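Chemist: Here it is, the structure, as structure tokens.
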Amino acid sequence: MKIKTRFAPSPTGYLHVGGARTALYSWLFARNHGGEFVLRIEDTDLERSTPEAIEAIMDGMNWLNLEWDEGPYFQTKRFDRYNAVIDDMIVAGTAYKCYCSKERLDALREEQMANGDKPRYDGRCRHSHEHHADDEPCVVRFANPQDGSVIFDDQIRGPIEFSNQELDDLIIRRTDGSPTYNFCVVVDDWDMEISHVIRGEDHINNTPRQINILKALNAPVPVYAHVSMINGDDGKKLSKRHGAVSVMQYRDDGYLPEALLNYLVRLGWSSGDQEIFSREEMIKLFSLGAVSKSASAFNTDKLLWLNHHYINTMQPEYVATYLQWHIEQANIDTRTGPELAELVKLLGERCKTLKEIAESCRYFYEEFDAFDADAAKKHLRPVARQPLEVVRDKLAAITAWTAENVHHAIQATADELEVGMGKVGMPLRVAVTGAGQSPGLDVTVHAIGKTRSVARINKALGFIAERESQQ
């Protein structure tokens, strides 16, 4: 059996984390079986579908590196195909034209609800032999089987059964001639030879209707798997109030795609006690049988932990390719200062996101206007003048500018003045970075460079002198 899966988002908004997880599971299942993965844009909702949403979905898929083998297909470009199939069904008697007015259908619904019945179409036009003009407005309905049941073996939830008596004759073509979502999906899955439909649990109620249409077309029925929803950490459905829900918002917030993928794959799937999965491991180990039927809770702290792990374990050069975007957003000129891969090594341990790195690195590349007030008040005092003068001269005298030699200069200053390293290090840190926190002082001063470091120490000495004159 040829394995072929699809991800079929509706372009009415951004690619959210729930959709991204569904895409990931479909992609992994196809890759695990050496199959194919199709991207299909279900844009039949003409009023809500937008080009911006299509672009956002494609951007999200590309950023996550979930490459597709076919597509993207667009349902709006296949209306002729859908309508041809509907016309054939009318001839075959598996679909029929319905001329019931909106007023009649509204009255029927009100009557059924007043009687405590489930609102449903009563099938009046299914058995009608009334003559209607060719140009009289009508919809087309699917003639759903009226007895028996639909049973499908959900690969995550087990067997699910629906009575056909619970399913009315759904509309498959509107009065304006446009086919409806549930019908387009069926024809697409048939034409594209989809073997496995992996989607959210909100589609479970669509499945029996789609299976009945497939059977009416004598088309093969794919295997279905419905993934549970993602909740916030408070147990309620994930929404913007829980934080970012758009995939590209996580990009903007400084997450690596590997971290988000690793986090999403574990939201409902597991392989023993393993937490960290490379893309190759995900492909090798993934199975639908190991996907939980219970809802998952989104935990941002866990995602942050994973992101920090990947920033510090992936090749710095690779991480730097993603950091570049954040540097550009921060409008930092990196032409003078350390390479971005070096910056990843310098700040990766201290920062959990790439955005944090970009926000923390400016002093490596640009001059700062003022010292942090609290840090300067505490460390740029008259008592720091001599340590700064001595360490400045020792740094200026270094011929081979290495982090090791910088360390020796700082240590030699402390030894010469017979003071602790902190008496030299803290004023020096504030002098060269403008603040009271940084990576290791030797690597920081080395990355800033000799000329710039000496100039900043002189600036700090000037600050101390001015402070002394005001006392």
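A Cβ is built for glycine as well, from the same backbone N, Cα and C atoms used for every other residue.
What Swiss-Prot shows for this protein is this:
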MOTIF     9-19  motif ''HIGH' region'
BINDING   Cys98, Cys100, Cys125, His127  Zn(2+) binding site
MOTIF     237-241  motif ''KMSKS' region'
BINDING   Lys240  ATP binding site
Chemist: Just going by other Cβ atoms within 10 Å, which of the binding-site residues Cys98, Cys100, Cys125 has the emptiest spot?
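Modeler: Lowest Cβ count within 10 Å among the binding-site residues (Cys98, Cys100, Cys125) is Cys100.
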Chemist: CB neighbours of His127 (Zn(2+) binding site) within 10 A?
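Modeler: There are 7 such Cβ atoms around His127 (Zn(2+) binding site).
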Chemist: Would you list, in sequence order, the residues of this chain other than Cys98, Cys100, Cys125, His127 that have their CB within 8 A of the centroid of the site's CB atoms, where the site is the one recorded for Zn(2+)?
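Modeler: Going along the sequence, the neighbours come out as Tyr96, Lys97, Tyr99, Tyr121, Gly123, Arg124, Arg126, Ser128, Arg141.
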Chemist: For Cys98 (Zn(2+) binding site), which of the three DSSP-derived states applies: helix, strand, or coil?
Modeler: strand
Chemist: Can you see whether DSSP assigns Cys125 (Zn(2+) binding site) to helix, strand or coil?
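Modeler: In the DSSP reduction, Cys125 (Zn(2+) binding site) maps to helix.
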Chemist: Please report the Cα separation of Cys100 (Zn(2+) binding site) and Lys240 (ATP binding site) in Å, rounded to an integer.
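Modeler: Cys100 (Zn(2+) binding site) to Lys240 (ATP binding site), Cα-Cα distance: 41 Å.
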